[in-house]
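J.: Have a look at this one.
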Amino acid sequence: MKVASSKSQQLLSINSLPSSVQFISPLQHLKDTLCGADNPTETTTTLREFPRKSKYISHESAINLMRREKNPEHALEIFYKVSNQKGFHHNNSTYAIILHKLAQCKRYQPLDAVLHQMTYETCKFHEGIFLNLMKHFSKSSMHERVLEMFSCILPIVRSKPSLKAISTCLNLLVDANQIDLARTFLVSIRKDFHLEPNTCIFNILVKYHCKKGDLESAFAVVKEMEKSKMSCPNLITYSTLIDGLCGSGRLGAAIDLFEEMVSKHQILPDALTYNVLINGFCRGGKPDRARKIMDFMKKNGCNPNVFNYSSLMNGFCRDGRLEEAKEIFDEMKGADLKPDTVIYTTLINSLCRGGRTDEAIELLKEMKEKECRADEVTFNVILGGLCREYRYNEALNMLERLPNDGVYLNKASYRIVLNFLCKEGELEKAVELLILMMHRGFCPILQHQMSY
């Protein structure tokens with residue numbers, strides 16, 4: 001299988017390792033690394049500390065030593081030195097732990113050396129090693145290397161990738177919005193593996209087309225699912241389609257599909273599916289319709305969760321309907337659901353924007369009573385609200401007091417107040433604030449302030 005990168009290089013082949021996985025002498029790597037260490041005597045757990053009378057380090061002991069080792073180079077030293085024991089051969093578990101450690105610490109050169117060594121091993125490897133590496137590379141936005149790890153499965157595991165491996169790789173690419181790589185990957189696996197997709201893979205394909213905005217192709221995939229012997233549309237399928245319809249503004253079609261799912265296919269929606277609709281109608285400027293969906297949800301025995309209430313409250317806030325937003329907020333608390341920092345901050349922001357900063361401050365006090373920790377964003381919203389009401393002294397007092405209360409503000413907190421002071425000609429107070437900023441280690445951007 002060949003996948004072309006943006007540099008027109010061949011990334012992978014199902015018959016061989018990727019070209020990036022070159023042979024690098026592990027011992028040379030260790031020698032260079034350890035000799036260059038500032039203080040090699042500070043290792044936490046290395047082979048140097050093994051008891052001299054110890055006769056044999058088992059696989060389990062080696063795994064525990066590597067897992068506890070914080071320094072990846074020292075973990076690699078353990079990995080190679082235990083293999084010098086007579087009769088010791090690395091297995092899937094020892095390779096899995098060292099590869100995980102190296103990927104976690106972004107040590108890609110020694111990782112490639114270990115991958116190369118695996119091709120010479122006679123032990124049985126499991127593809128889970130490569131699924132884990134795919135996730136590590138995806139988190140680091142190294143999407144082409146995700147494909148490379150998929151291509152390692154056949155030559156190292158010595159069996160074709162499973163449907164789980166295919167779905168994992170495809171899903172990581174789609175979730176990262178790597179649509180071009182996902183498309184190339186799809187073409188390759190269909191050609192090389194004569195793939196018969198299961199429900200999971202079909203659902204990823206539906207998500208893939210919805211992310212592209214190609215709803216026609218997404219519905220075509222569902223028709224293909226219905227004809228397949230290995231799969232059938234499920235709640236995830238319909239939730240993804242409904243989300244795609246809502247995202248394209250086709251709210252009526254989304255409701256029709258929802259009703260078809262329930263009445264025709266007897267698939268009951270969960271809180272997530274309802275939230276897709278609630279969110280869709282709120283984003284479409286129709287929070288009243290979203291409220292009716294939540295009422296329908298309750299009548300059908302599905303209790304709203306924090307996300308449902310949060311979406312609906314956001315919709316009313318976005319529409320400037322603060323009283324309805326507060327009602328939803330109170331209803332959520334009445335249902336024994338605990339609002340988080342984001343939910344509190346959303347309502348506080350709307351109150352401040354609506355000139356109701358005193359109410360926002362009361363909510364801030366409630367957060368403290370409920371042991372819900374306000375963050376910098378929450379305080380920045382309050383500071384902005386005070387400044388818009390020309391309550392500069394209160395804003396300055398808050399800036400001066402909060403660090404003593406254990407709240408660590410960021411530069412934006414000071415600049416919000418500083419900008420308002422400069423704009424309104426309160427230059428003496430602005431100078432006092434500049435002095436406070438510099439005393440606390442913040443360097444203001446004077447050019448930005450002087451523009452006022």
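Glycine is treated like the rest: Cβ placed from N, Cα and C.
Dumping what TrEMBL says about this protein:
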type	residues	note
REPEAT	198-232	repeat 'PPR'
REPEAT	234-268	repeat 'PPR'
REPEAT	270-304	repeat 'PPR'
REPEAT	305-339	repeat 'PPR'
REPEAT	340-374	repeat 'PPR'
REPEAT	375-409	repeat 'PPR'
REPEAT	410-444	repeat 'PPR'
J.: Which residues, given as numbers and ranges, are at least 6 beyond the ends of the repeat 'PPR' (270-304) yet have a Cβ under 8 Å from it?
T.: 235, 238-239, 242-243, 245-247, 249, 251, 254-255, 258, 311-312, 314-316, 318-319, 321, 324, 332, 335
J.: Cβ under 8 Å, sequence separation of at least 6 from the ends of the repeat 'PPR' (198-232): give me the contacting residues as numbers and ranges.
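T.: Apart from its flanks, the repeat 'PPR' (198-232) reaches 163-164, 166-167, 170-171, 174, 177, 179, 182, 186, 240-241, 243-245, 247-248, 250.
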J.: Which residue counts does DSSP give the repeat 'PPR' (340-374) for helix, strand and coil?
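T.: Going by DSSP assignments, the repeat 'PPR' (340-374) contains 26 helix, 0 strand, 9 coil.
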J.: Treating G and I as helix alongside H, and B as strand alongside E, what does DSSP give for the repeat 'PPR' (305-339) in helix, strand and coil?
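T.: Breakdown, helix to coil: 26 helix, 0 strand, 9 coil.
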J.: Write out how many residues of the repeat 'PPR' (410-444) are helix, how many strand and how many coil, based on DSSP.
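T.: Split into helix, strand and coil, the repeat 'PPR' (410-444) gives 26 helix, 0 strand, 9 coil.
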